Amino acid sequence: MTKQFRVLYKVTIIILAILAAMLIGSIILMTIGADVFKTYRVILFEPLKTTLQLTEVLIRAIPLTIIALGISVAYRSGIINIGGEGQMAMGILGTTAVALAFPELPKPILLPMAILAGAMAGGVWGFIPGILRAKLQVSELLSTVMLNYIAAQIYTFMLRGPFLDPAELTMGSGTPQSMRLSTGIWLNRFLKGTRLHTGIFFALFLALLIYLLLWKTNYGYKMRAAGASARAARYGGISVTWYLVIAMVISGAFAGMAGAIEIAGVHRRAIEGITGGYGFSGIVVALFGGLHPAGIIPASFFFGLLIVGADMTQRMVGVPANMVNVLQGVIILVIVATKMILADPYLMERVWRKYQGIGKKHVEVEA
Amino acid sequence: MNFIVNILSLGIPFSVALLIASLGEMFNQRAGVFNLGCEGIMAMGAFLGMLVPYSIGQGGPTSGMYNVLGLGLAMVVGALLGIFFAFVVVTFRAPQGIAGIGLQMFGVGTAGTLFRHFIGGTQSVPGIGNFPIPGLSKIPFIGPIFFSHNVLVYLAFLFVPLAWYILFKTPWGLRVRAVGTNPRAADSIGIQVNKVRYQALAVGGALAGLAGAYLSLAQVKMFSDEIIAGRGFIAVALVYFGHWHPVKIMGGALLFSLAQALQLAIQGQGINFPYEFAVMLPYVLVIIVLAFSRESQLLGPTSLGIPFNREKRI
């Protein structure tokens, strides 16, 4: 098998995969009678046209990066965390609780405390499925989904009850939201006229942290070993169950921090619908970014673009914003299938033989 | 006494969507495929089931026929989605858990997109009305509990013995169990493992579609983005809880729906209990049930979640 053939084979498969994903998306778009090319153009390029839209893309990319980093830690340790949504909601509650309890504290104390509270609340929400999987073999796929629904209910309960804005009670518009949080937890918006906040540097810092953790420490090595081959890792003296739990706690803490950053930077109060699918999009970002911080950062920008772009399609081409979920679902399916195709040596061998066969026939004809 | 009759007569129709979807998932898992995308297929089924009577039926004297058409469309598209999933996880052998999440997002997203385009807001349909069985429904207590429901309720409970018969007494059922337990052995006696898995996923998908359509046509009588509310995932959990056996799965579905009916009845009595905690009850129950049924996982199909590769040497 020649080297050129290997490269050609892989590139062809990746191109086919992208085409397949776009084709499936197009089928849905054609069903609703939308202009396929125009829709893709709006989703992919329209948000890049103005600075304001571009910063909105970056704002979406911040929580996506943080959640995806956590999910890739879990994924690499052999546990799939689809509970990002719930962990983020719990993180928001933790941050809000601290911000409401100590509004007078100065920023250098309150802000780290609030983010830490968010991380801890999310971490606890990740610990539950982790320990259930480690000790009782409960599938984390089901337990994290259930914890998402539970967290969503706790979240609305807190917003309607203990955290409800006192002004809402007197005014009586009935919007379930907390009061505006103390300025002590506000992240600076450093670009005038936009909402872009310093959380972006925090996200980049976390990406570096995860890179160092996974590839430069003993801990990370053991986690990756546990995920790559649980049996071999156990034989090598690594306590696989312990690292599963740790990975889930980290994963949950990251989703919690994403929530903390989101309210400290964007909303500055807890309102309904903040999580809005970030937990699920984070999975797509993590997979698309190859479960590596260096890939996750561009991937989260790309999916931030899709989310902002999909918001614009409603207005510009009449395609509902839900289209972004369709695309994300298709992208997951295509990525996991493509990964398996690329990793299948037998298939490559077969294609190679066929390729050679074609070559031989040509030779015979020429002779 | 009246209170108990109320709970039971409310709980039994609630169990239908869970029951049908879990029976479908049971066929998937018995064939060795873990389909977490059940939720997405149900969402598509719920949308399509309602679409037909909503767009062409609009009430009318023959609306019954449109309901049947809607259910049929939901099943056909459900089966197609099952085949699509099979293409990813059986042919390409992709990891089933994460692929299932992909299918779930795809299904829920597609249903939401199409719903906004074809229906728009909260629109209700007349749906499938109740059909009390003449005579039997007049029996005190038993009548209102068992014989005063819509046709699909009776059908769903007939599916239980039917699923049992298909799984344990027909050659196809034997093949399904064989490819889920030991695909290599099944392959060696000439069973086409991947073909049987495709068939099982098509059946499971059709049933998930039907379960979704039941929700939008018979239970809620409208569509919303949250209509499935995790029932697809609960259905997957019920298959574990029910030890991959139709009768035990029915028990699990009834347990869940009766808990839900009880919660609604308690709310109706005006007992002050935060609404949100009542809603989260079934999800908490799933986690508890899964935590305490770990021995049962030993009874599961031994090749569950493992793609079959004929060319791989062991």
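Cβ from N, Cα, C; glycine included.
Just so you know, TrEMBL annotations never went through curation; they're auto-generated.
Note that the structure is a prediction, hence the values are computed from the model and not measured.
For reference, TrEMBL has these:
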{"type": "TRANSMEM", "residues": "A:12-37", "note": "transmembrane segment"}
{"type": "TRANSMEM", "residues": "A:57-75", "note": "transmembrane segment"}
{"type": "TRANSMEM", "residues": "A:87-103", "note": "transmembrane segment"}
{"type": "TRANSMEM", "residues": "A:109-128", "note": "transmembrane segment"}
{"type": "TRANSMEM", "residues": "A:140-158", "note": "transmembrane segment"}
{"type": "TRANSMEM", "residues": "A:196-214", "note": "transmembrane segment"}
{"type": "TRANSMEM", "residues": "A:235-258", "note": "transmembrane segment"}
{"type": "TRANSMEM", "residues": "A:278-310", "note": "transmembrane segment"}
{"type": "TRANSMEM", "residues": "A:322-342", "note": "transmembrane segment"}
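Of the candidate ranges A:87-103, A:235-258, A:322-342, A:87-103 has the most C-beta pairs within less than 8 angstroms of the transmembrane segment (A:140-158). When each of A:12-37, A:57-75, A:87-103, A:109-128, A:322-342 is checked for Cβ pairs under 8 Å to the transmembrane segment (A:278-310), A:57-75 comes out on top. Of the candidate ranges A:12-37, A:57-75, A:87-103, A:109-128, A:196-214, A:109-128 has the most C-beta pairs within less than 8 angstroms of the transmembrane segment (A:235-258).
When Cβ-Cβ distances below 8 Å are used as the criterion, the transmembrane segment (A:196-214) is approached by residues 55, 58-59, 61-62, 65-66, 69, 72-73, 76, 187-190, 220, 223-224, 254, 257, 261-262, 264-266, 292-294, 296-297 of the same chain, each at least six residues removed from its ends.
In this chain, the transmembrane segment (A:57-75) lies out of contact with the transmembrane segment (A:322-342); the count of Cβ pairs under 8 Å, excluding pairs fewer than 6 apart in sequence, is fewer than 3.
With a threshold of 8 Å between CB atoms, the same-chain residues lying at least 6 positions outside the transmembrane segment (A:12-37) that come near it are 317-319, 323, 326-327, 330-331, 334-335, 337-338, 341-342. A Cβ distance under 8 Å defines the sequence-distant neighbours of the transmembrane segment (A:57-75), meaning residues of its chain 6+ beyond its ends; these are 47-48, 81, 84, 88, 126, 195-197, 199-200, 202-204, 206-207, 210, 213-214, 223, 227, 247-248, 250-255, 257-259, 261-262, 265-266, 278-279, 281-283, 285-287, 289, 291-293, 296-297, 299-301, 303-305, 307-308.
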